[in-house]
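Colleague: Here you go, one structure.
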């Protein structure tokens with residue numbers, strides 16, 4: 001009688017183990033085995049982090065093993081179990097791997113395919129086609145689209161975190177991390193102690209130091225010591241937390257009636273302002289998006305205000321970017337003066353503070369929330385709805401949407417909801433942040449998520465003319481590394497453009513993103529379909545870069561691009577591509593580290609060893 005050795009790996013996260021009864025069945029090309037109870041006498045099976053092996057003997061030849069069925073039945077109480085993978089040693093000595101990386105809840109069953117990635121066209125056997133279709137049917141019932149607010153990208157249909165499918169919820173350990181990190185941030189910034197300061201007027205610049213008294217690292221200390229200086233102000237537009245707004249000014253806007261005489265003391269080349277513009281030395285940041293946005297009125301005892309500034313900047317002879325003119329609102333006039341570096345010290349400083357405040361609002365709501373978190377959630381929902389676990393694109397992208405839907409659901413539940421943290425501590429709270437997203441959706445285009453094109457569209461692509469734009473330099477290195485990797489993976493599974501066109505699951509994934517994520521707007525430029533391998537590689541690069549590098553650049557990093565602890569791929573060519581990807585990323589780490597050695601203010605947000613795989617880890 002044929003005998004198999006079954007190896008079962010249980011997850012290492014909290015409560016991943018189970019005391020329930022676990023049964024296994026093998027489905028082969030020539031028959032299906034009986035259910036076998038996986039149990040060893042006097043042994044605690046399926047403990048957290050355990051790898052257990054069992055001998056399974058069947059009555060007759062099963063032929064080529066096509067599926068493995070795992071069934072969990074209650075022992076005492078409902079006891080969820082996280083199954084990482086199963087390895088099957090065949091009677092002939094060969095091994096077959098069955099990745100899972102899913103929870104089995106209640107008295108449930110999971111049917112697994114072997115780990116070889118397959119397109120739908122590769123499946124010729126009825127039972128495999130049926131398994132593929134059944135998985136997507138189930139997922140599409142679990143992962144439903146919902147409109148959280150009119151004009152927003154659609155999100156997951158869940159009112160709170162516990163309503164999410166179990167496989168995408170934070171595991172208990174990650175959930176605790178979320179709470180602890182939130183509490184630690186509050187403690188570090190003294191937010192709870194100084195919350196009244198956000199709901200009242202400040203009387204002294206020293207109040208800033210009270211807020212940041214507990215932060216102590218090289219970058220924060222340097223910023224704290226130099227934040228009032230024009231050089232630091234300009235540098236932050238290039239390499240701060242929101243380095244995506246500054247653009248080269250090709251024509252002075254009529255709504256900013258600044259003249260050469262006004263800024264003459266700031267110009268160092270003995271040229272007129274118009275000549276400086278022609279030579280590419282003038283830059284602009286326009287916060288027009290904030291014009292008319294309602295300021296926070298949730299506290300009737302506190303008046304809050306918003307500005308929609310226009311800031312003109314100049315590249316001096318030292319190739320440093322400095323501000324030369326600030327207008328706090330969009331329509332020029334006597335009540336809307338242009339502030340200059342030659343003004344009284346605190347007039348100029350306050351004008352810069354208003355600009356930095358506006359930059360904060362755009363950063364938090366648009367650059368960070370909309371253009372990384374909400375966009376990544378769209379990719380994630382479409383992925384689960386349209387790509388089965390056996391699909392190579394699912395295997396490639398799943399690590400990059402990990403916990404994204406969960407953290408966004410938490411945000412809608414606790415942060416950006418009515419009476420959430422935004423309402424308590426943000427001048428755009430109380431609905432202004434919703435208006436901002438609705439407006440910004442008009443500018444959320446596919447091209448704007450393609451990093452090189454986005455840089456070029458702002459006229460910021462010349463490393464010679466703009467030499468200290470590390471966000472651009474490092475971002476381009478990471479973008480190219482990701483694109484090289486995705487192109488390799490695409491080449492492994494798609495032997496021609498025609499295979500791309502005929503992959504209906506892929507086309508459904510792309511169409512889901514366009515129809516639901518981008519609300520079917522042609523002006524978004526998001527493709528409804530993909531017809532070439534090159535375009536597919538670019539699309540995958542957009543997904544990965546947005547969720548990993550772009551989010552890291554405007555947020556923070558923990559753990560790390562190129563690392564795939566869940567082994568969804570088993571094929572040697574893909575593993576070799578992953579190894580080359582990690583090697584390319586290591587080279588980028590070294591380049592950035594070497595540059596930073598010489599910098600008083602190092603830039604490391606896009607160093608791959610600080611880029612998390614997704615927006616939520």
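Even glycines carry a Cβ here, placed using N, Cα and C.
Automatic, uncurated: that is what TrEMBL annotation is.
Feature list, courtesy of TrEMBL:
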- 2-118: domain 'PLAT' (DOMAIN)
- 17, 79, 80: Ca(2+) 1 binding site (BINDING)
- 39: Ca(2+) 2 binding site (BINDING)
- 103: site 'Essential for stabilizing binding to COTL1' (SITE)
- 118-564: domain 'Lipoxygenase' (DOMAIN)
- 368, 373, 551, 617: Fe cation binding site (BINDING)
- 565-617: domain 'Lipoxygenase' (DOMAIN)
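Buried or exposed, and what's around them? Tell me for each listed feature.
Modeller: Spatially close to residue 17 (Ca(2+) 1 binding site) yet at least six residues away along the chain are 10, 46, 47, 48, 49, 50, 81, judged by Cβ distances under 8 angstroms.
The local packing around residue 39 (Ca(2+) 2 binding site), expressed as other Cβ atoms within 10 Å of its Cβ over all shown chains, amounts to 13.
Each residue in the domain 'Lipoxygenase' (118-564) has a pLDDT score, and their mean in this model is 89.
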Colleague: CA-CA, which of the recorded positions 39, 79, 103 lies nearest residue 551 (Fe cation binding site)?
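Modeller: Closest by Cα: 103.
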Colleague: Count up the helix, strand and coil residues in the domain 'PLAT' (2-118) according to DSSP, in that order.
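Modeller: Going by DSSP assignments, the domain 'PLAT' (2-118) contains 0 helix, 60 strand, 57 coil.
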Colleague: Treating G and I as helix alongside H, and B as strand alongside E, what does DSSP give for the domain 'Lipoxygenase' (565-617) in helix, strand and coil?
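Modeller: The counts are 28 helix, 1 strand, 24 coil.
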Colleague: If you measure C-alpha to C-alpha, which of 39, 103, 368, 373 (recorded positions) come within 10 angstroms of residue 80 (Ca(2+) 1 binding site)?
Modeller: 103
Colleague: Pick from 368, 373, 551: which of these binding-site residues has the biggest number of other Cβ atoms within 10 Å of its Cβ?
Modeller: 551
Colleague: Spatially speaking, which of the recorded positions 39, 79, 103 is closest to residue 368 (Fe cation binding site)? Use C-alpha to C-alpha, please.
Modeller: 103
Colleague: I need the CA-to-CA distance for residue 79 (Ca(2+) 1 binding site) versus residue 373 (Fe cation binding site), whole Å please.
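Modeller: Residue 79 (Ca(2+) 1 binding site) and residue 373 (Fe cation binding site) have their Cα atoms 32 Å apart.
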Colleague: Name, in the order they occur in the sequence, the residues of the same chain whose CB lies under 8 A from the CB of residue 103 (site 'Essential for stabilizing binding to COTL1') and which sit 6 or more residues away.
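Modeller: Residues satisfying the criterion: 80, 81, 82, 83, 166, 167.
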